[in-house]
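Please read the structure below before turning to the comments.
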Amino acid sequence: MGFYHVGQAAFELLTSSFILVGFSDRPHLELIVFVVVLIFYLLTLLGNMTIVLLSALDSRLHTPMYFFLANLSFLDMCFTTGSIPQMLYNLWGPDKTISYVGCAIQLYFVLALGGVECVLLAVMAYDRYAAVCKPLHYTIIMHPRLCGQLASVAWLSGFGNSLIMAPQTLMLPRCGHRRVDHFLCEMPALIGMACVDTMMLEALAFALAIFIILAPLILILISYGYVGGTVLRIKSAAGRKKAFNTCSSHLIVVSLFYGTIIYMYLQPANTYSQDQGKFLTLFYTIVTPSVNPLIYTLRNKDVKEAMKKVLGKGSAEI
């Protein structure tokens, strides 16, 4: 009988659903947000797919820097595709529901891919450190095997972190509450629905955030501390400019991503503002992934030349 009740409870849980409130309390905003999100989503897919294809097709881009950049672009496509289609569906029509399983999958991938990006940005900072501070030994330091290992560490760290946090968040008692005051299943919003004390879970989340968010950020700051010292010792203005251009794109991306992530995940749940959270989530789920390709290509001569080469071949074949 006990097993029957457990099985019945599990079945009811898995077949239940959540209501994603999103912007339904501001219906005049829903159509505007739908159009904006759709445009940014298409730009994200186009821009990041372009970088992935260029990195694969142009032999000049078969370097550690572009290997990691292709990983970041693929990651951004996965990150947005894991959340944006459901968001567009809920914004477009009256149905604001998401199944429990759908919510679990969305939460898992949002946490996992966000964690991957934190670690991957640190790996890219180390690559820039090796390129600027150890130029004569760069190809020895950043050999293909190490690049593959560093990328694997980034992906495994993010998915491992989510494997701990996602189930813990989903298993919180909610006393029948189904309304998620957000437009996606995000950890702070789901923790805020709990009808029990969440201090232990918040402590666990904070500890993991130190590992997955703050530790990579510290590595980034250390790497760029060394890079800055090396750049200041370069005597020629042209050399300093080249070294700065090598790193500036990555620094802009780090600032955009980490600025929102730290605010979202390193503050106590009782100080979390849902309205601020919604707009910050919009920023790092649609704006940052869409501008990443633009930031890298505008300052990168190699990517521009590769694009011209590929487009030139395409037009010649036509």
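Cβ coordinates come from backbone N, Cα and C, glycine included.
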Topological domain name match (Swiss-Prot): S17 vs R128, membrane: no
Selected from C185, C195, C247: Swiss-Prot disulphide partner of C103: C185
Model confidence over the topological domain 'Cytoplasmic' (224-245) (mean pLDDT, whole number): 80
Recorded stretch that, among 64-84, 104-124, 146-166, 203-223, has the most CB pairs under 8 Å to the transmembrane segment (278-298): 64-84
Seg_contact(the transmembrane segment (246-266), the transmembrane segment (104-124)) with at least 3 CB pairs under 8 angstroms, min sep 6: yes
Neighbour tally for C103 (disulfide bond), based on other Cβ positions within 10 Å of its Cβ: 21
Dominant neighbour of the transmembrane segment (146-166) in 32-52, 64-84, 104-124, 203-223, by Cβ pairs under 8 Å: 104-124
Secondary structure content of the topological domain 'Extracellular' (167-202), with strand meaning DSSP E or B: 14 helix, 2 strand, 20 coil
Long-range environment of the transmembrane segment (64-84) - Cβ separation under 8 angstroms, sequence gap at least 6: 37, 41, 44-45, 47-49, 51-52, 55-56, 105-106, 109-110, 113-114, 116-117, 120-121, 123-124, 127-128, 131, 142, 147, 150-151, 154, 184, 285-286, 288-289, 292-293, 296, 302
